[in-house]
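Peer 1: This is the structure I want to talk about, given as structure tokens.
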Amino acid sequence: MATPTELAYNRAALIDSLQFTFLMDEVGKHLSEAICGAGIVLNLLLIYVICHRTPVHMKSYAVLLFNFAIFDLLTCVASLFACQKTIFSGFSLTYIFHGPCKYVAPWLCYFCHCFVCHAMAHSQWILLLFYYLDMGASDELKQIMYDLHPQYHYEDVDIWGNLTVSGNTTIFTIPSMTAIIYMTVTCVPIYFLIHWFRNQTLSILASSACSMSETTKASHAKLILALSIQATIPLFWLLASFIFTLAEFGVISGPIPENMTFRLMDCIPSSSPLVAFIFIAPYREGLLRLISKTGIYKKATENRVSSTVEPTTQATAQSTQQYRSNGRNDMRAMA
């Protein structure tokens with residue numbers, strides 16, 4: 001039986017060996033706060049400018065953009081509230097939640113996790129409820145985690161505190177497998193289809209058979225550029241899916257894939273509003289007006305040149321008129 005001194009020594013060595021895991025957990029939490037916090041602010045600003053700065057001819061497009069902005073906002077809120085860390089425990093999926101939801105209940109944390117997964121591809125509402133039905137018991141998931149990851153000593157409350165844990169006891173159920181395939185596999189062909197259609201459209205615009213004017217072609221090319229940049233955002237999803245798949249089947253492991261999978265996915269709803277602000281002039285102008293009101297950015301005064309030139313022009317006109325009048329008087333005097 002180990003003496004108290006040996007136990008203290010082993011405990012100190014254990015805590016020392018877990019320093020990198022502690023560090024990555026902290027990095028993951030702060031990244032979640034930074035990325036999701038920025039996403040919340042950007043999407044709120046986008047919603048505001050959509051409501052107040054949308055031209056009449058963009059109303060139909062604005063409805064679609066407003067829909068995405070609302071879902072991106074809710075995704076950022078849910079992800080910030082959950083801040084999940086994925087523990088790949090064999091064929092079980094266990095999530096440790098570091099966000100504020102841990103102060104409420106594991107079921108709420110798991111619901112936030114489900115909402116984040118659903119909102120990333122929200123065209124099928126049924127996924128939200130379907131996946132939620134497969135939530136495993138927290139105590140059972142904790143025991144699986146303890147057995148498969150003994151090196152972390154997650155059962156030690158003095159080291160980890162009271163962890164909020166939820167997830168799926170096994171991925172080999174219809175709800176879990178459907179959600180995983182939907183989140184990881186389908187994004188690959190969709191992403192390449194987007195770029196295939198982009199290249200086809202650019203080829204049509206460049207073709208001599210295209211009867212559009214050069215101005216119209218330039219306008220469409222600019223729109224394609226915006227859509228192309230928008231299409232690169234799912235690269236975060238592809239990378240997260242790739243890491244998730246490798247970690248789930250034991251190819252890679254450790255605190256980096258555990259923490260970074262969902263932080264990469266957080267980048268999607270947080271960066272999407274930037275495309276609208278960069279490429280849609282009315283929204284860009286609306287954003288700059290809002291920022292200028294804070295004093296951080298001073299918007300250039302419109303017609304500054306004309307307001308300066310106008311008095312000079314008026315004075316010049318008056319002088320010319322006076323000159324002409326004096327000239328006519330001199331002519332009359334000479335006559």
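Using the three backbone atoms N, Cα and C, a Cβ is placed for every residue, glycine included.
Below, the features straight out of TrEMBL:
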type: TRANSMEM; residues: 31-50; note: transmembrane segment
type: TRANSMEM; residues: 62-83; note: transmembrane segment
type: TRANSMEM; residues: 104-133; note: transmembrane segment
type: TRANSMEM; residues: 171-194; note: transmembrane segment
type: TRANSMEM; residues: 223-247; note: transmembrane segment
type: TRANSMEM; residues: 262-283; note: transmembrane segment
type: REGION; residues: 307-335; note: region 'Disordered'
type: COMPBIAS; residues: 312-322; note: compositional bias 'Low complexity'
Peer 1: State the non-local partners of the transmembrane segment (31-50) in its own chain: residues 6+ outside its ends, Cβ under 8 Å from one of its Cβ atoms.
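Peer 2: Answer is 62, 65-66, 69-70, 72-73, 75-77, 79-80, 83, 98-99, 262-263, 266-267, 269-274, 276-277, 282-283, 286-287, 290.
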Peer 1: For the transmembrane segment (262-283), give me same-chain residues lying six or more residues beyond its boundaries with a C-beta closer than 8 angstroms to one of its C-beta atoms, as numbers and ranges.
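Peer 2: For the transmembrane segment (262-283), the nonlocal Cβ contacts are 28, 31-32, 35-36, 38-39, 42-43, 45-46, 49-50, 53-55, 58, 65, 68-69, 71-73, 75-76, 79, 84, 86, 116, 119-120, 222, 225-226, 229-230, 233-234, 236-237, 239-240, 243.
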